[in-house]
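Features from TrEMBL:
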type     : residues : note
DOMAIN   : 11-492   : domain 'Major facilitator superfamily (MFS) profile'
TRANSMEM : 47-65    : transmembrane segment
TRANSMEM : 77-96    : transmembrane segment
TRANSMEM : 102-123  : transmembrane segment
TRANSMEM : 135-156  : transmembrane segment
TRANSMEM : 162-186  : transmembrane segment
TRANSMEM : 198-216  : transmembrane segment
TRANSMEM : 228-245  : transmembrane segment
TRANSMEM : 266-289  : transmembrane segment
TRANSMEM : 301-318  : transmembrane segment
TRANSMEM : 330-347  : transmembrane segment
TRANSMEM : 468-488  : transmembrane segment
Amino acid sequence: MKELGARRWWAVAALVLASMAVGFDVTILSLALPAMAEDLGANNAELQWFVTSYTLVFAAGMIPAGMLGDRFGRKKVLLVALVIFGISSLACAYATSSGVFIGARAVLGLGGALIMPTILALLPVMFDDEERPKAIGAVAGAAMLAYPLGPILGGYLLNHFWWGSVFLINVPVVIVAYLAVSAWLPESKAKEAKPFDLGGLLLSSLGLTALTYGVIRGGDAGWTDATTLASMVAGLVALVAFVMWEKRTLDPLVDLSLFKSARFNSGTMLGTVINFTMFGVLFTMPQYYQAILGTDAMGSGFRLLPMVGGLLVGVTVANKVAKALGPKTSVGIGFALLGAALFYGGTTDVGSGTGLAAAWTAAYGLGLGLALPTVMDAALGALSDDSAGVGAAVNQSIRTVGGSFGAAILGSILNSNYRGDLDLGGVPAAAQEAAKDSVFGGLAVARSISSSSFADSVRNSFVSALDIVLVVSGFLGLLGVLIAVVWLPREVGQSTAKAPESEHDAADAA
């Protein structure tokens with residue numbers, strides 16, 4: 001696709017918009033849940049399914065999405081995905097019942113599952129080894145930028161309009177992305193369509209869905225809960241059966257030789273570590289800003305901007321640093337920096353204020369930005385043109401499950417330490433469960449019983465639990481340093497992928 005010249009970078013702009021649409025949705029829903037619970041009459045179980053329905057379909061749909069892109073064309077799949085994402089966003093906005101909203105969220109998850117692997121699959125076939133890290137940095141930076149922008153825009157809309165307005169943010173982004181993809185993105189797909197591997201498709205989707213559900217439930221109901229254990233065991237059994245099936249079938253959905261690549265394995269593992277640590281920031285810090293510093297949702301989004309600033313600086317210089325020092329060193333520095341930042345964040349106390357948070361989140365973002373493009377390039381650059389869709393989907397699936405584990409495990413650490421430190425003396429028995437449920441529940445109980453001392457206990461308990469989560473995340477950053485030094489190849493710019501002869505190349509060059 002070198003014949004496309006500068007048009008490739010316009011195509012990257014289209015991919016950036018598509019990734020931002022998915023990124024917005026990650027953080028927006030949580031803002032609207034209280035208003036939705038009141039308007040739709042949703043109970044706690046339904047509120048959980050508002051989130052879970054999207055996540056489960058997203059997990060189940062990624063590998064089929066990669067297969068569809070390889071078989072029918074990645075541009076076609078991305079355009080269909082954007083239509084699905086836009087229409088289901090409208091359905092979410094105007095849902096009149098919990099059941100309708102859960103169904104719309106499930107369809108939205110399908111759209112997201114089609115979008116993300118397709119975007120990742122396009123990068124290794126559109127760019128050579130020299131330019132691919134820059135393109136990856138642009139797309140990754142845009143997706144991260146959407147995380148704080150979601151609360152900022154969503155908070156503004158909730159302050160001025162009804163709850164459904166937050167889901168309308170996606171619609172103009174999707175429309176512009178659709179037009180940009182139509183105009184600028186070249187088509188690409190496998191040269192020969194492989195026979196349809198129905199067994200592999202069913203086993204991979206079942207395994208990822210069951211495992212993801214078990215992880216989500218484990219973080220909420222506990223790891224010894226019968227349904228949690230049954231779901232996780234079923235998921236693992238299905239995934240083992242999937243691997244055995246793929247080894248024996250003549251035309252496997254996933255080429256298992258991909259896992260012999262040190263580039264793919266190290267890049268995927270490091271990406272999973274990044275997703276794991278991101279939970280320590282993106283889930284806990286908005287709670288800190290709102291419960292401890294007293295900001296609203298929009299204010300918490302603004303306070304995440306130092307992290308985004310650091311990230312943008314990091315991704316801008318990452319390729320130059322990797323060229324100058326080598327990928328092992330540059331990625332190691334990135335993980336060391338983000339780990340050190342998380343350790344520094346672990347010194348937070350109730351009186352620390354915004355200065356400390358801004359400093360360490362900016363440093364975390366810088367480390368993330370230094371590591372992320374090279375890490376993603378290591379994994380995506382190992383993919384061949386014919387299997388880029390499925391390979392990118394496998395990478396995305398592993399990182400998504402890793403992120404879910406991060407959310408569940410770190411969430412359990414946060415909750416158990418918060419509850420363990422809470423001084424419930426003087427709190428009525430009927431209110432104790434509400435106080436232990438979350439920092440917001442604890443503060444609500446403190447207000448209801450007019451107890452400033454219990455409010456102090458709630459804040460101190462939460463900040464202490466936050467510090468433990470950040471320190472654990474910091475050790476994961478050090479694990480990333482170890483993986484980079486030991487496992488990441490010295491050179492990640494020797495891709496097995498080569499520029500495809502796409503359907504549109506001849507026409508575009510004419």
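Residue positions begin at 1 at the first shown residue.
From the backbone N, Cα and C atoms, a Cβ is placed for every residue, glycine too.
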List, by number or range, the same-chain residues at least 6 past the transmembrane segment (47-65) whose CB is under 8 A from its CB atoms?
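Distant Cβ neighbours of the transmembrane segment (47-65) are 25, 29, 33, 36-37, 77, 81, 98, 101-103, 105-110, 112-114, 116-118, 201, 204-206, 208-209, 211-213, 216, 220, 253-254, 389-390, 393-394, 396-397, 400-401, 404.
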Under 8 Å, at least three CB pairs between the transmembrane segment (468-488) and the transmembrane segment (135-156) (pairs 6 or more apart)?
no
Looking at the stretches 135-156, 198-216, 228-245, 266-289, 301-318, which one shares the most CB pairs under 8 Å with the transmembrane segment (330-347)?
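When the Cβ pairs under 8 Å are tallied, 266-289 comes out ahead.
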Taking residues 6+ outside the transmembrane segment (77-96), which of them lie with a CB under 8 Å of any CB in it?
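Contacts of the transmembrane segment (77-96) (Cβ under 8 Å, skipping residues fewer than 6 from its ends): 18, 21-22, 25, 40, 65, 68-69, 103-105, 107-108, 110-112, 114-115, 118-119, 122, 164-168, 170-171, 174-175, 177-178, 181-182, 185.
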Which sequence-distant residues neighbour the transmembrane segment (198-216)? Criterion: at least 6 residues beyond either end, Cβ under 8 Å.
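52, 55-56, 59-64, 67, 227-239, 241-242, 245-246, 249, 252-254, 397, 400-401, 404-405, 407-408.
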The transmembrane segment (266-289) vs the transmembrane segment (228-245): three or more C-beta pairs under 8 Å (separation of 6 or more)?
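Contact between the transmembrane segment (266-289) and the transmembrane segment (228-245): absent.
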For the transmembrane segment (102-123), could you work out the same-chain residues 6 or more beyond its ends whose Cβ comes under 8 Å from its Cβ atoms?
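Same-chain contacts beyond the flanks: 11, 15, 18-19, 21-22, 25, 46, 49-51, 53-66, 68-70, 74, 77-78, 80-82, 84-89, 91-92, 95, 132, 135-136, 139, 185, 188, 376, 380, 383, 388-389, 391-393, 395-396.
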